[in-house]
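> According to TrEMBL, the record shows the following:
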type     : residues : note
DOMAIN   : 585-650  : domain 'CBS'
TRANSMEM : 81-102   : transmembrane segment
TRANSMEM : 130-151  : transmembrane segment
TRANSMEM : 181-198  : transmembrane segment
TRANSMEM : 242-264  : transmembrane segment
TRANSMEM : 276-299  : transmembrane segment
TRANSMEM : 331-353  : transmembrane segment
TRANSMEM : 368-388  : transmembrane segment
TRANSMEM : 442-461  : transmembrane segment
TRANSMEM : 467-489  : transmembrane segment
TRANSMEM : 501-525  : transmembrane segment
TRANSMEM : 531-552  : transmembrane segment
Amino acid sequence: QLTPSSFLRIGQLSNVDLNEDIRELETELPRQHPNEIPHNEKLLSLKYESLDYDNSENQLFLEEERRINHTAFRTVEIKRWVICAMIGILTGLVACFIDIVVENLAGLKYRVVKGNIDKFTEKGGLSFSLLLWATLNASVVMVGSVIVAFIEPVAAGSGIPQIKCYLNGVKIPHVVRLKTLVIKVCGVILSVVGGLAVGKEGPMIHSGAVIAAGISQGRSTSLKRDFKIFEYFRRDTEKRDFVSAGAAAGVSAAFGAPVGGVLFSLEEGASFWNQFLTWRIFFASMISTFTLNSVLSVYHGNAWDLSSPGLINFGRFDTEKMGYTIQEIPIFIFMGVVGGILGALFNALNYWLTMFRIRYIHRPCLQVVEAMLVAAVTATVGFVMIYCSRDCQPIQGSSVAYPLQLFCADGEYNSMATAFFNTPEKSVVNLFHDPPGSYNPMTLGMFTLMYFFLACWTYGLTVSAGVFIPSLLIGAAWGRLFGISLSYLTKGSIWADPGKYALMGAAAQLGGIVRMTLSLTVIMMEATGNVTYGFPIMLVLMTAKIVGDYFVEGLYDMHIQLQSVPFLHWEAPVTSHSLTAREVMSTPVTCLRRIERVGTVVDILSDTSSNHNGFPVVESNPDTTQVAGLRGLILRSQLIGFVERANLSLVQRRLKPKDFRDAYPRFPPIQSIHVSQDERECMIDLSEFMNPSPYTVPQVMPGDPSAPQHPGGHGLCMPAWGCTLSLSRQVVGMVTRKDLARYRLGKEGLEELSLAQT
C-alpha cells in the first residue's frame, strides 16, 4: 500500500512552478526522510505537468495577430534568426570555457601526480603517490558533487533525458534556469578534472538548451532582470523551438558536427518539427562550431588555422592506408552485434544500480559520499593497473602527453598509463591513432573490463557528466583488441589495422548504449573528417541498435522511465487500439460556466486536492434542465492572470496578451492573491480568454495514436488536454498526457502504471 507520506513530498503545488517565497514555505514543512523510498518502475509521477505546446487561440490572441502587419511579421522572423545566431555564439563560448579550464586543471593535476610518482619510484613508497592521486580526485569530485546535490539537483548527469522530456512537452522544474547552467558548467569541469569515467560532451547539449531558453525570453528570473527584448517569444511553443536549436548547437560544439547536431535534435530530441525550424537549427549549429573553432584556434596560437572544430577531435584517418574490403563487411556486422550485447549489459547493470540509488541513496550527503567513493576507487583502480602492468613501449616517436616510466627501462613508458593517466578524450584519440604494436592485448583487455564497470558505476552519480566519451573509450579499447587479434589470425595482413577497428568498436559501443543511428553516423563521420567509413559505421550502428533493442531499451529512455515521467512516444503502444477514450479519460471534470462568479473561480483554483491545470468552459444556462454544451477551454495560468489583474484594479483597461507574457513562465499561486468578499461576488466573462476550439474526441474514439493528433506535430504530441464529449456535446471527461502515458507495453502485454505523488 503506497501512502503519500511514504514518498518524498516535493511540494503539493509543483505544477504552478512556484515563486521563491512559496518554495520557502514548503521547505518549512516537516520533511520525512524515509530510509527507503518504495520506488518501483511501474509508477507515473504526478509532480510533472505538461507545457502548452499549442497556442491558445482565444479572442485576445486572434485580435493581436490581426493587427500585426507584414513588416512586423518580417521583424519577428529576423529576430528568430538573430536569436539562433546568439545561441550558436554563446554555446560555442561556453564550450571553449569548459575546454580551456579542463585542459589547464587536468594538466596541472597530472603533472603534480607524475612528478610525485617519478620521485617515489626511485625512493620507494609509491603508496604515497596513490594516496595523493586518490585524495586529489576525491576532493575535486566532492566540490562538483556538493554543488549539484545541494544547489541544483537537476544539473546531475548529462541532461539529455531532461531535455528530451522538455521537448516532448513535460515541464521538468528548473531544467532551463540560469542557475542550472552555471552548476552544470562548473560541475562538468570538476567531474572531468576529478578523473571520473565521464565526458564533457553530453552536458553541452543541456547547456545549449539552457542558453537557448534564456536568450529567447530576453530576461532572467534568476538574476531578476528583464531586458524587454524578444517579448513576442514568451510562450511555450516558441521557447520549445529555440531549445531544439540550443540542443543541436550543443552537439555541434561538442563534436564539431553541425549536421550531426541537427540530426540529433531531430532523432533524439524534438517531438515537433518543420522545415523552417530545420534551417534555423542548422544555422545555430554552424555558428556554434565556427565560434568554438575560431576561439580555440586563437587560444592554441594558430589563429588562421581553424583546426579544432569541436571539443573532441578524433584526428584525421589516412584514407589510402585505411580502406575496407568486401570480406570485412561480416566482421563489421559481428562488431555491431558485440556492441549491442555489451551496450544492453551496460544499460541493464545501470538500471539496477539506479533503482538502488533511488531507493537508498536519496539524501544529498549520501550522494556526495558515493561520488567521492567512486572518484577514489577510479584513481585506485587506475594506479593498481598501471603498477601491475609490464607493458613497456619506446618513448621515441610517440605522442604521449604524460609518459609514466615507473618500472620500465630508460627511454620507455608504461602503455597502460596512456589509457588511464589521461583525460578520456585524449585516450580515445590515442586508441584510434597510435601505431600498431603500441598496446599489449592483455593491457587492452584489462582496461576494457575495468573501465566498463567504472563507467557503468559512474553514470547516474550526482555529478554533471556525459556518457558519450566513456562509451567511445570502452568501444575503442575492445575494438583495437579485436583488430590486433585479427592481425594475428591473418598473419599481419594490411587491412587489419587496429585503429580502424578501434573506430568501429567505439561506434558499436556507443550505439549499443544510447541507440542513436542517423545522427551518430554523421557525428562520427564529421568528427573523423572521413566519409570512407560512412557505410561501415551505418552498418555497425544499425546492428548494435537492433541487437540492443532486443534485450533492453536505450539508456536515456530507461532513465526517463525510472524518473516516472509521463513521456509520450511517437506511436501509441501496439495493443492499445482496442481502448476507447471513455476508458482512459479522467472523471469527474471540473467545469466553469462562461459567465462565472470570481469566488467560484478562486475556490476551484485553491482546491489542492484537484489541482487541475485546464478547465472546460460550458454555456452558462439558467435553465438547468438543458445540457450545458462545451464552449471552450481555459488554462489555470489565464485564470490566475485575470484574477491577479482584477485584484490590482486594472480592470478599467482590457487585458492584453502582453499581460500574460509578462507573467510567463511563473504565474503566482492563487494563495498569494488576496480577493476581498466584494470582489468574490463579481461576475467574469471567460469568453475572451478561453480557447474556443480545444481538441475534442467522442468518448467512443479508439485509443489510436492518430486520435487527439496535433495538426503540426507527429504522432501523439498532443497539447496538455483534450476534452471527451458525449453525443450531445456534453463534457464527460478529460484526456490528459498522464492518462495516455499510463499505458505501456510490458512483458505481459499492455500494462497500466499507477500514479503516485513521488
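Along the chain as shown, residues are numbered 1 onward.
Note that Cβ sites are derived from N, Cα and C of the backbone, with glycine treated the same way.
Please treat TrEMBL annotations as automatic predictions, because they have not gone through curation.
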> Can you tell me which recorded stretch out of 368-388, 501-525, 531-552 has the most Cβ pairs within less than 8 Å of the transmembrane segment (242-264)?
501-525
> So which residues does the transmembrane segment (81-102) touch in its own chain, when a touch means Cβ under 8 Å and the partner is 6 or more beyond its ends?
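Result: 181, 185, 188-189, 192-193, 200, 204, 207-208, 211-212, 215-216, 230, 233, 242, 245-246, 249-250, 252-254, 280-281, 283-292, 295-296, 299, 311, 423.
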> Would the transmembrane segment (442-461) count as touching the transmembrane segment (331-353), if touching means at least three Cβ pairs under 8 Å and pairs must be 6 or more apart in sequence?
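With 3 or more qualifying Cβ pairs, these stretches touch.
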> Would you mind listing the long-range same-chain contacts of the transmembrane segment (130-151), meaning Cβ under 8 Å and 6+ residues beyond its ends?
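Distal contacts: 109, 112-113, 116, 179, 183, 186-187, 189-191, 193-196, 364-365, 367-368, 371-376, 378-380, 382-383, 461-464.
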> Under an 8 Å Cβ to Cβ limit, what residues of the same chain, 6 or more beyond the ends of the transmembrane segment (531-552), are close to it?
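The answer is 317, 319, 322-324, 328-329, 332-333, 335-337, 339-341, 343-344, 347-348, 351, 500, 503-504, 507-509, 511-513, 515-517, 520-521, 524-525, 558.
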> Please identify the stretch among 181-198, 276-299, 331-353, 368-388 with the greatest number of Cβ pairs below 8 Å relative to the transmembrane segment (501-525).
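That would be 331-353.
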> Is the transmembrane segment (276-299) in contact with the transmembrane segment (368-388), using at least 3 Cβ pairs under 8 Å (sequence separation of 6 or more) as the test?
no
> Summarise the model confidence on the domain 'CBS' (585-650) as a single mean pLDDT, whole number.
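Reported value for the domain 'CBS' (585-650) is a mean pLDDT of 78.
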